[in-house]
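Pulled from Swiss-Prot, these are the features on record:
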{"type": "TRANSMEM", "residues": "47-70", "note": "transmembrane segment"}
{"type": "TRANSMEM", "residues": "136-159", "note": "transmembrane segment"}
{"type": "TRANSMEM", "residues": "176-200", "note": "transmembrane segment"}
{"type": "TRANSMEM", "residues": "274-292", "note": "transmembrane segment"}
{"type": "TRANSMEM", "residues": "331-354", "note": "transmembrane segment"}
{"type": "TRANSMEM", "residues": "370-396", "note": "transmembrane segment"}
{"type": "TRANSMEM", "residues": "418-440", "note": "transmembrane segment"}
{"type": "TRANSMEM", "residues": "518-536", "note": "transmembrane segment"}
{"type": "BINDING", "residues": "560, 569", "note": "[4Fe-4S] cluster binding site"}
{"type": "TRANSMEM", "residues": "576-597", "note": "transmembrane segment"}
{"type": "TRANSMEM", "residues": "644-666", "note": "transmembrane segment"}
{"type": "BINDING", "residues": "655", "note": "chlorophyll a B1 binding site"}
{"type": "BINDING", "residues": "663, 671", "note": "chlorophyll a B3 binding site"}
{"type": "BINDING", "residues": "672", "note": "phylloquinone binding site"}
{"type": "TRANSMEM", "residues": "708-728", "note": "transmembrane segment"}
């Protein structure tokens, strides 16, 4: 029996006598469309089955979180005193630890070295009604079983008799019905049920478990108000402002409210407001999922909806005609839309998690807030770049000019020059003006005349904040004007709670902004527009440009079209994606620097530092980066080590990975080929070393692959470096 040679999905690659076999095999492992013997139906079936595997991994991971906190954490102690006990993620078992290390990492009331949790899981589990380790073990066991079931389901759907057909996958209306009504709608309804039946009673000191949840009414009147139409009863008698969370002291009976603002003690949104929100979402999505025609011949066909989207003026060509077939037959288009949506949502999660904290006491755990914000912004930036990458692949592999004649897609391609040049102009304008202001202010600081800085108040943004009810700026408008219709309309509902929150300086809702915010806002706008320019140009030029009209014939990633055809290097759609990641990381750096520094000064009661130092570049370098890195360069000192030592090491390690990236990025392929050949020669001539023979002849990475390897090192190093800086500088100050 012949041994199977990697990659099994490509006979051609498997016969390659060089190390290219390994690298190209890894690079194309997930490009199902390019595999030998692949059919359209099989691609859909493989992706469908892999979704179950993905969910299985997610459930296993969350199960592990629950299990390790229950086993090695201090959840029950934390629940007794959330503000003073540090939450433990898990124990550290490390044979290299000497006594100083053991002492440094033994904290949070533990008996040995532990890691502190900065993910917010303690706050989340506490808010949703978990109180004991047994609750965590139960959740862990349930998710482990679910994980095994999903793994089995994935395997099952790969078996011949259980593979869905292509027509099943392309039944868009039924899928929308399932996803909107089933997944979004019913799960939101179920979550409302959990909040009402378990979380809200727990917040009022009442334990509801598997043994008593069928006999414990979440509201004294039960379902009577629902059947009689007296829904307002569920909002009457809410928790009072003096309510002590997790006790009956000051608690009410309301389960679905619209109080607005935050619970005064926990500084998080009211649980009854969140239950109301999820119920509303459930109703909307259950209805939305039933708008489309499935088995019963009622409702809309998506193709009819899209085909009727043609502007009556005739000025917008074919509108959405032909889009249904195009999208429904292109997995890359669908993935692009999904990634764009999820990326945007992920960024919104980052923004709302700190400004409107949903979990009890999250607002008091500064390191966790910083970690969650940074994590979600980084994830969002990568996902959104991926949306454009798959958009470009769609244009190369799936776009049919005949099918889309004159519609919105064709029109985007027809006037791409106007789109790209406008984006280019905006990026240049933002870049030169913002940098010009920063540099002018730097020079004025350097020459000792800070009063000559150009400082611009963000009046439009302040006006928007004022219209939402912020009184500080003195704009008498909308919600900040007691005489406005908007003010009086909501006065009896959510407005008092909201106004109290927005004008309270102890939270992060609509922070006070000034000239430093104005400048960094425009720096971030520059980053966003430049990233967008690179991505949009990459997608719109993916099929061809004036320089290379036949680009689509070369695929998504190609280095050049050989010698003798100038200008064809570095213009593939992949090159645009590759460049966009650098700009994306640059932008997310500015975003997180801004958020973190502004919050550090807010938490320390030292907002003047940000206001004064953020108007010039030297202020950012000196008073944010240098000043806050002291914890990182002090991890090891003559007095031994401390609990920040690991972050000091990660900080250095991150720089090392980042720097390694440049070895792949700033080097010509021929140089590496010559170097490898020299190394191979020296091995073959050296006794003992020449006992090891290569099966594959070593060759250098292709230009495209070296770019990928360099980009990955650059990104990973960048992330490690900033993560270490963020966590060490925040936890070093606030514990």
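Backbone N, Cα and C define each Cβ position, glycine as well.
A quick note: this is a predicted structure, and the numbers were derived from the prediction, not measured.
Taking only the Cα positions, the spacing between residue 560 ([4Fe-4S] cluster binding site) and residue 672 (phylloquinone binding site) is 18 angstrom. Beyond the ends of the transmembrane segment (418-440), by six or more residues, the same chain brings 412, 453-454, 456, 519, 522-523, 525-526, 529-530, 532-533, 536-537, 540-541, 615-617 to within a C-beta distance below 8 angstroms of the stretch.
Contact check: the transmembrane segment (576-597) against the transmembrane segment (370-396) gives at least three Cβ pairs closer than 8 Å, residues 6 or more apart, which meets the contact criterion. Counting in whole angstrom, the residue listed as 'phylloquinone binding site' lies 23 from the residue listed as 'chlorophyll a B1 binding site' by their C-alpha atoms. Residue 569 ([4Fe-4S] cluster binding site) carries neither a helix nor a strand DSSP state and counts as coil. Taking the Cα of the residue listed as 'chlorophyll a B1 binding site' as the reference point, the closest of the binding-site residues 569, 663, 671 is 663. Within the group of binding-site residues (671, 672), the Cβ with the highest number of other Cβ atoms inside 10 Å belongs to 672. Proximity of distant same-chain residues to the transmembrane segment (176-200), defined by a Cβ-Cβ separation under 8 Å and at least 6 residues beyond the stretch ends, is recorded for 127-129, 208, 213, 216, 218-219, 255-256, 271-272, 274-275, 278-279, 281-290, 292, 294, 302. All protein chains shown were included, and the count of other CB atoms within 10 Å of the CB of residue 569 ([4Fe-4S] cluster binding site) stands at 13. Cα separation, residue 569 ([4Fe-4S] cluster binding site) to residue 671 (chlorophyll a B3 binding site), rounded: 18 Å.
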